[in-house]
Amino acid sequence: MELRLHDTLTREKRTFVPLDPKNVRMYVCGPTVYDFAHIGNARPVIVFDVLFRLLRHLYGEANVKYVRNITDVDDKINDRAARDFPGLPLNEAIRKVTEQTGKQFHADVDALGALRPTVEPRATEHIGEMREIIEKLIAGGFAYVAEDHVLFSPQAMNAANAGLPRYGALSNRSLDEMVAGARVDVAPYKKGNTDFVLWKPSKPGEPSWPSPAGIAAQGRPGWHIECSAMAWKHLGEHFDIHGGGIDLVFPHHENEVAQTCCAFHQQRMANYWMHNGFLQVESEKMSKSLGNFITIHELLKDWPGEVLRLNMLKTHYRSPIDWTMKSLEESAKTLDDWYRIAADAVPGEPDASVVEPLLDDLNTPQAIAALHGLRGNDIAGLAGSLRLLGFLAESAAQWERRKQQASGVDAKEVERLIAERTAARGRKDFKESDRIRDLLATMGVAIKDSKEGTTWEIAR
Ligand code: AMP
Ligand code: ZN
């Protein structure tokens, strides 16, 4: 069976045909590093990690290149730096913020079982490429300089019409409507009210670089040009898959397409545009003001990363997801079971019943249903399939130990009580042995007796 992916541009599922099966290329917009990532940010990380793993399975590990950027120039970063390190020069403070948040991000997503992308480019290391694209856009008549800014004109793009996509095609909007509906208080240096910034002058103390197009003042890039530059540098002018959250379709991805296609005279930037749906918490939009804003870091204190991963994959990536405590508890029980029976098994090939739904636009809920089906009859297939999906990074013993630690149960005390109970049973004092069993149960410990002796685990 072949891989089919839903493309936001054509609004349909299409068979995936890579431009070069020896070099399958995917770009996903990464985090802006100014704070702990929240559980909504984990969604694209996990979803596109599953796609990365599936592509590697289909085309070979060496033949898939996954690029996920780190945005390290942004107003939010500057604000945070000034707030957290008021005594330091702004540039130094910014470096501290981006280093610290970048490390936190890696620790979080490693715990979620996400493979590191092949390349993780930083915006600040690609300013030269951004200037180059901007120069090309000016030379082509798609961008202009005004008051030390460089602006892109969607109207110039749609007027050119020379083998270029239409501005608005990706987000399914009409430029005329955008023009009519645009805000009236547009910056005075903009010729058209839908023109967007490619480059802008830096304020004193802000990070700054030599500007393109002979602008004397030092400046800094707009957000959209960053991704066009990094994708170009690492994947070329035209590549296979571009992904991110649904909120990025407009304006971010629409503008990326405009910049890249106009600079390089391409009809397409990526052949498949994939967008994950949004995550809500207990049926509410996550926000700091509602007090339901949860970071990955906080969740990892209570739950193993693989539980968060499974919980995320129970919903199809294009559907909205409602993140609930109840669902997390169920995911934890499921993983406990899988760890117990499959983590130490020799994995077989991933089973067709799991791979096939994945090939159908990453239907992970159906793949998970198939895992439940394998549980009773093919443990090797279950183990191999779970590994394909990025589970079972630990041994069964490690998993159990971690659960014991997280539960706060003192393993030595449990062992002592079990020894006492064994002694009580030896002298046929069943009242005492039952009392100890009940005591252990109230501590959240379940015990199992067998010929070999008594074993225990944390009951969820
Ligand atoms: P940001 O750092 O806000 O640019 O977001 C990084 C990535 O997380 C982008 O791909 C966003 O689309 C995605 N994202 C942000 N919030 C959510 C959410 N609540 N649900 C799903 N994805 C999200
Ligand atoms: Zn981007």
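Backbone N, Cα and C atoms are what each Cβ position is placed from, and that goes for glycine too.
Automatic prediction, not curation, is the source of TrEMBL annotations.
GLU256 (Zn(2+) binding site) falls within a helical segment according to DSSP. Taken from TrEMBL, the feature Zn(2+) binding site applies to CYS29, CYS227, HIS252, GLU256.
Mapped onto three states, the DSSP output places LYS288 (ATP binding site) in coil. Other Cβ atoms within 10 Å of the Cβ of LYS288 (ATP binding site) number 8 in total over all chains. The feature ATP binding site is assigned by TrEMBL to LYS288.
Residues or ranges marked as domain 'tRNA synthetases class I catalytic' in TrEMBL: 16-331.
Here TrEMBL flags 412-456 as domain 'Cysteinyl-tRNA ligase anticodon binding'. With DSSP classes pooled into helix, strand and coil, the tally for the domain 'Cysteinyl-tRNA ligase anticodon binding' (412-456) is 28 helix, 10 strand, 7 coil.
Per-residue pLDDT, averaged along the motif ''HIGH' region' (31-41), amounts to 93 for this model. Here TrEMBL flags 31-41 as motif ''HIGH' region'.
Summarising the annotation, TrEMBL assigns motif ''KMSKS' region' to 285-289. Tertiary proximity for the motif ''KMSKS' region' (285-289) is limited to same-chain residues at least six positions away from its ends with a CB under 8 Å from its CB atoms, namely 38-40, 279.
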Tell me, how many other CB atoms lie within 10 A of the CB of GLU256 (Zn(2+) binding site), whichever protein chain they belong to?
27
So if I take the binding-site residues (CYS29, CYS227, HIS252, GLU256, LYS288) and measure from each Cβ to the nearest atom of ligand 1, which come out below 6 Å?
CYS29
Can you list the residues of the same chain, besides CYS29, CYS227, HIS252, GLU256, whose Cβ falls within 8 Å of the Zn(2+) site's Cβ centroid?
TRP223, HIS224, GLU226, SER228, HIS242, GLY244, LEU248, HIS253, ASN255
Report the member of CYS29, CYS227 (the binding-site residues) whose C-beta atom has the most other C-beta atoms within 10 angstroms.
CYS227
If you measure LYS288 (ATP binding site) to CYS29 (Zn(2+) binding site) at Cα, how many Å is it?
23
For CYS227 (Zn(2+) binding site): DSSP state (helix, strand, coil):
helix
